[in-house]
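**Student:** Sharing the features that Swiss-Prot gives for it:
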TOPO_DOM  1-77  topological domain 'Cytoplasmic'
DOMAIN    81-365  domain 'ABC transmembrane type-1 1'
TOPO_DOM  147-195  topological domain 'Cytoplasmic'
TOPO_DOM  244-298  topological domain 'Cytoplasmic'
TOPO_DOM  359-858  topological domain 'Cytoplasmic'
DOMAIN    423-646  domain 'ABC transporter 1'
MOD_RES   THR717  phosphothreonine
DOMAIN    859-1155  domain 'ABC transmembrane type-1 2'
CARBOHYD  ASN894  N-linked glycosylation site
CARBOHYD  ASN900  N-linked glycosylation site
TOPO_DOM  940-990  topological domain 'Cytoplasmic'
TOPO_DOM  1035-1095  topological domain 'Cytoplasmic'
TOPO_DOM  1152-1480  topological domain 'Cytoplasmic'
DOMAIN    1210-1443  domain 'ABC transporter 2'
REGION    1386-1480  region 'Interaction with GORASP2'
REGION    1452-1480  region 'Disordered'
Amino acid sequence: MQRSPLEKASVVSKLFFSWTRPILKKGYRQRLELSDIYQIPSADSADNLSEKLEREWDRELASKKNPKLINALRRCFFWRFMFYGIFLYLGEVTKAVQPLLLGRIIASYDPDNKEERSIAIYLGIGLCLLFIVRTLLLHPAIFGLHHIGMQMRIAMFSLIYKKTLKLSSRVLDKISIGQLVSLLSNNLNKFDEGLALAHFVWIAPLQVALLMGLIWELLQASAFCGLGFLIVLALFQAGLGRMMMKYRDQRAGKINERLVITSEMIENIQSVKAYCWEEAMEKMIENLRQTELKLTRKAAYVRYFNSSAFFFSGFFVVFLSVLPYALIKGIVLRKIFTTISFCIVLRMAVTRQFPWAVQTWYDSLGAINKIQDFLQKQEYKTLEYNLTTTEVVMENVTAFWEEGFGELFEKAKQNNNNRETSNGDDSLFFSNFSLLGTPVLKDINFKIERGQLLAVAGSTGAGKTSLLMMIMGELEPSEGKIKHSGRISFCSQFSWIMPGTIKENIIFGVSYDEYRYRSVIKACQLEEDISKFAEKDNIVLGEGGITLSGGQRARISLARAVYKDADLYLLDSPFGYLDVLTEKEIFESCVCKLMANKTRILVTSKMEHLKKADKILILHEGSSYFYGTFSELQNLRPDFSSKLMGCDSFDQFSAERRNSILTETLRRFSLEGDAPVSWTETKKQPFKQTGEFGEKRKNSILNPINSIRKFSIVQKTPLQMNGIEEDSDEPFERRVSLVPDSEQGEAILPRISVISTGPMLQARRRQSVLNLMTQSVNQGQNIHRKTTASTRKVSLAPQANLTELDIYSRRLSQETGLEISEEINEEDLKECFFDDMESIPAVTTWNTYLRYITVHKSLIFVLIWCLVIFLAEVAASLVVLWLLGNTPLQDKGNSTHSRNNSYAVIITSTSSYYVFYIYVGVADTLLAMGFFRGLPLVHTLITVSKILHNKMLHSVLQAPMSTLNTLKAGGILNRFSKDIAILDDLLPLTIFDFIQLLLIVIGAIAVVAVLQPYIFVATVPVIVAFIMLRAYFLQTSQQLKQLESEGRSPIFTHLVTSLKGLWTLRAFGRQPYFETLFHKALNLHTANWFLYLSTLRWFQMRIEMIFVIFFIAVTFISILTTGEGEGRVGIILTLAMNIMSTLQWAVNSSIDVDSLMRSVSRVFKFIDMPTEGKPTKSTKPYKNGQLSKLMIIENSHVKKDDIWPSGGQMTVKDLTAKYTEGGNAILENISFSISPGQRVGLLGRTGSGKSTLLSAFLRLLNTEGEIQIDGVSWDSITLQQWRKAFGVIPQKVFIFSGTFRKNLDPYEQWSDQEIWKVADEVGLRSVIEQFPGKLDFVLVDGGCVLSHGHKQLMCLARSVLSKAKILLLDEPSAHLDPVTYQIIRRTLKQAFADCTVILCEHRIEAMLECQQFLVIEENKVRQYDSIQKLLNERSLFQQAISPSDRVKLFPHRNSSKCKSKPQIAALKEETEEEVQDTRL
């Protein structure tokens, strides 16, 4: 960034904003880059502002019991705020004084007042000087107030972020990510531009008092008729506003429903295509859109009448003010024109400025109170540590996640002790206490010495992660003691990657040690992966590490934990995404050797890990089931395997027992409560703890079903922040509505507006921040994975010796603290955060306007209708002026002289009542035409919006994955949220306002041209100057606005990234580092926003200066050319003032239209996306001689012998796959064939391309080569027909918001009996029956009430219903509880017994049921053989399989002389050694 010219600018340059000229010139000539933007003044830096406000807030907290944030803000900003307010008031006063001088100028032309004629020229000079003074006062004042508003926003942004990093996990569990984003976006945006309006709460009443005094002097009591009308009008507008709010609140729920479904569709677009659900999703979203648009139209009509009322009120205010006076004393032209000028100012003060100011104060105080409540929430308490401690001790520790349960626990325990029970057994106490709430950890004891490895095991929900959280201080123990040194390193269960390079992710702000870094890289098996990237470890990873495989992310997270020098290393299931060989190598080299002298706590379920551990702790339902060594475990707890894995062999249970297990599993994985809430219920969640969900928590204590909920790290659908134009797995907008929260939707929507957290099962059932932190980012990454993704190759060579690691291990054990580095590479920050600028022009092209107008045929006729009405209005205005100009002057006392062909100054009441009749008739006509001329326009523009939305939706659903892979999910969602909201709400009325203002200006110019041709000559160059200035400014302003919009993304991205990794941040003590990063992101945004505000003020000031020059010319031309006794000067000066103020408004409105039309350009860009390919080859003869097109009919999911596919035979020839056109090949020359009904397992290391191959089968990638199913080539049929041949269980489970029935059968092809039959078959019946409404129960939020296992069963049921002959399974057992895993295995054997199954899996047990194995290595097929051959050869499979698995496969190999074919059967009862959760 460049140094700002503002620093060296002179006072004059600052006053006229001339220092912005270089950036305006550059923006006009070329495209602006981030490097062209000026640095912010030091006074605006986030560091300075946040420190200033934080100091005052701390002072407020320390000095008062009831601290007020507004007091802290007042001490920081009040005096500057009032200073600019006084300037603003003085500028407004000049508006009130101008009509006085105008009246004196008109009066000087009264034939009876000749002595004033000589001072007319001086009055003209005075009038012009007032305009100059107003310009010099108003613009610096408005800019100064905007500047203060910006500083307040920055300071509060920073304060909220710092507080977020300090919040306790219990508080985070109650706050949704939507609420946090809402706090930052909706509430704080009110300060940016609203602060300039705040002063009108006192300026407007003073202005009205001054104006009424001046009008009283002119018209006496009749002045109050006009004021009365304005007050009635303001009340009418307030009523319309309330009505509009009612419609908008109703519509918010509908918009939310549509956006929830749309975001689910976008993030799961690969699954939608795989299931062939494009038409179903399109129809579903269009139906929701239809109901939404009905309310949109109602709200638009109300807003239209509100806007029209303002435009046409001016006519009647003047009429009602002058009428009573004129009837009594006659018409005085001087007074009419002066009154018109006064009423223009009065109308603005009463109907616009004051109501807006009141609304601004109401919104701002509400926002400040919300932030104040947030800033007083409970903070995370760091435990008291003793740095000299070498051991880790936990004594009698009990803990609850639910806030308040700890206090209840203490009271209950105290009561229990008071009873003095004779047996002294605590079991009675705990069983009674379960009614209040089950502790997540109960009476835990262990002690480990320095350098020991403690393995923690247990089934899902046993409390393993909670134990680590308690050691880190995230979970506060209700009783008991924890003792350790406090120097902790942590590796999360779900890998967390921050935006930045691989190196920055591993070093994580700690000072760099080359030897240490290289040793860690080697131990974590990252050397080979890093070598694949051109930039090596300096490659920039996007948010969530989207370009990496799950295994690569897991190893980077582990490397980060190991790189930090700590006394205690907490490793929470770090090997979940690794193949068995990599896991084994890392466990040996890293955990056992590299960290040999460090204390380690490893959460695991692997038998080999337990054997190597010094101590083992097995948790069961929060209690310590066993603590000791492995040999003690085998002797004392022979049943430990079932506790370790969660259940016994599922197949051995009766149907009733299975159902009870499923029911219990459902309860454990659900969140509390069972009362359904209507789909449209969308309530704003308050931040106060006494809110709705707070009450439900209190009630839940008495509900035994709710109280058994434990804190369990359950894999739910991943969540992320995408409306922020950043990509990851899942945009957070699914939980968050993007409905505008105020009329200024254009300002709010780009900042990710939030109105509610979406429809939910219950208030508690939403995605809290805590859920966000405990969710995996690893699911379904193949849809996004770029060609740069590393592909690890399977190395069969022995590993190098680890002597270097031995050396480093000793270095790591030394008590040397490393320095913390806070340096941040700003270039990397920009690269991480800023997208490439959109490929649409800086200024909207004429082609876009033309295309927009022609979307709907009737729009052209509506525009012609508006023009006809306008011509009628101009004609009516000329009639009124003709009446005023040609009514003869009659004096009551003397009628001997009259002046023909002249403009009379006085008209008596007795002779000219007919003037008023005509005037009233014309006024009524204007009102009727004015009110209703815009309605057809608004109606038609909303219809255009509907058409564009439907076209865009169709284009996205039909676009190829190669195109969608290049787009970010947040970017797509923004088109459907922000841009469609602009097309619905802002664009129709902005276009109406612009057309209205333009026609008013043209009409006024036409009237002036008739009266005074000289003025018309002066008007032409002014209009040309306006157009040229607009074109010059627009080029730069639109680019700056775009840069500012893009600069907003990193702020919210960084917030969500920080929340996802909050436990890691705290464990590493990196809060200051991330605060610095956040301030950098804020400063980047501030630089763009400040420059935009400055250039906007430059433009507004130049427009004002042109107007002043024009008015000076008009004033002197009028004064010097008007003859004696003529009142024409009044009409000319009044119209000139009206022309220029309206023209300024029109120019600004045209800029708004151009800015909003960029949304239309973006929508058109999406509409023009390519569609998925159609068949390219002609139909080929089938094997039996018939034409393939006769065999290939639309698969109606009915099994008949003559319908393709019948057998499921599959032949693959020379298959090559790429993610994007022209990209690197992910798979090359893959060839193999599968017999009907055969089961094939895909083998390969993490990132080798197994999931990619499954995507290629479905034609979701750019592919070359050929695949045939039962002899039919994929080139000879449609994509829909081809994909319907497959049943799919994807890695990323897709549950959209809708009923169970809709989720299983979106096309509504099957009866309830058939759906229930399939549900029973896959074990879903008992799950569905638990919910009210059963099949009609509405699932929301990605099916958050279901466990990951139940979601997998839903996918399985879909595949059974599809009756497909080929089944593709992509790691179906990932994150499954053992119960669901057993169900899936059983269903595959029963329901798909005669189907071809292609399985990509990490569990060996599942792979053993495959007859053939396809080994993928270095993008190619390395082996394709049966189990027997792979076991005999040196292969990946041979290395992964254990001796016990071989015995299971070939039980008779040693006893039988004759080798028979192996029988693939279900696993029998598992022994202790076989229960391991081994992964390939």
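Using N, Cα and C of the backbone, Cβ positions are placed for all residues, glycine too.
Keep in mind it's a predicted model, so treat the numbers as computed, not measured.
Are these features on the surface or tucked inside, and what touches them?
**Tutor:** Here the topological domain 'Cytoplasmic' (1-77) has, by DSSP, the following mix of helix, strand and coil residues: 55 helix, 2 strand, 20 coil.
Over the topological domain 'Cytoplasmic' (244-298) the predicted model carries a mean pLDDT of 88.
DSSP states for the topological domain 'Cytoplasmic' (1035-1095), grouped as helix (H, G, I), strand (E, B) and coil, give 58 helix, 0 strand, 3 coil.
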**Student:** So how many of the residues in the topological domain 'Cytoplasmic' (147-195) end up helix, strand or coil by DSSP?
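**Tutor:** Counting residues per DSSP class in the topological domain 'Cytoplasmic' (147-195), I get 43 helix, 2 strand, 4 coil.
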**Student:** DSSP says what for the topological domain 'Cytoplasmic' (940-990): how many helix, strand, coil residues?
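**Tutor:** For that range the per-state counts are 45 helix, 0 strand, 6 coil.
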**Student:** Is it possible to list how many residues within the topological domain 'Cytoplasmic' (244-298) are helical, extended or coil according to DSSP?
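**Tutor:** Per-class counts: 51 helix, 0 strand, 4 coil.
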